[in-house]
Structures are given as structure tokens and as C-alpha cells.
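Data block below; observations after.
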Amino acid sequence: MKFHILAVGNKMPDWVRKGYTEYCQRMPKEAELLLVEIKPEKRVGSKNTRQLLQAESERIRTVLPPGCHIVVLDETGKQATTMKLAEMMDRWMGSGQDVAFIIGGADGLHQDIKQMAHEKLALSAMTLPHGLARVLLAEQLYRAFSINRNHPYHRA
């Protein structure tokens, strides 16, 4: 099974790339972590926020794996403990369906993307930088997998 992270933004600092790569490499093939960076819409001319989000929404749809379980990351989503995320991961893996996590850009996500999601998840009630959200999500997915496999990484 694959966990796809579809993230709007393609010019991340080196620390983001290194942090994400660290946890991506730790994930076993049975729970492969794949990142797809989506080019953000340029803020030019008379484009308003709605138009920017619509353009990004279309880009997201073109790379969204067919038949996957869609989880939108949004500060208004459901907050879950790490143990709850481990339960969710166990359920997702049991379904055999790939999971796509969608992280919006500077202006968030278009309402259409939010409405097509099967779940909305919040990493925090606070707004996070998009690069940090990638690293945090990758780490939490690795931690959840470790919990489900009784790996000593999670010692809480």
C-alpha cells in the first residue's frame, strides 16, 4: 500500500527535504511514502484567491491517484492523537486502498478538494508552514506504523 502526500509548493528549504527524506526512507515498502509536489499558482495580475485555489485544485486532481482514500490536512479538521492515527493507519492498511494526504498551499485548499475528501485531519489547531507539515506528517506516519508493529521507536 502507498501513502501519497500531495503538497502544494515546490521550492522547500533544505531542512524540509532532509526531514521528509529521513522518515520516508524509514518506512517499509509495505507502507511506502510518496511525495508529489504541486506547483503553486502564481500571484499575478488580477487573479483573486478563489481563482488561485481553483487552479491549484485542478493540478491536485490531475495527480490524485484513482481510487484512493483522500485525507485533507486542514487546521479545522479532526485532531487525533498519535495512537488514534495508528488506529486509522491500521484501518487504512486493512482496506488495501492507497491513501492520499493533501496539503494546501499558502491560501489553503479549494472547497471542492475539501468536499471530495473522505476525512479531514488537523496536525495542529495552529497554522503550520507547509514544509513543516510535510515533515510532521511523515514522522507521525512512521510513528503510527512503528506503534502498529511494536517497534521501539515510539516509547510513550
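For all residues, glycine too, the Cβ spot is worked out from N, Cα and C.
Within 10 Å of the C-beta of ALA125 (S-adenosyl-L-methionine binding site) there are 9 other C-beta atoms, taking all protein chains into account. If you look up Swiss-Prot, you'll see LEU73, GLY104, LEU123, SER124, ALA125, MET126, THR127, LEU128 marked as S-adenosyl-L-methionine binding site, on the strength of sequence analysis.
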Top of the binding-site residues LEU73, LEU123, MET126, LEU128 by count of other CB atoms within 10 A is LEU73
Let me spell it out: for each of the binding-site residues (SER124, THR127), count the other Cβ atoms within 10 Å of that residue's Cβ, using every protein chain shown. Which one has the most? SER124
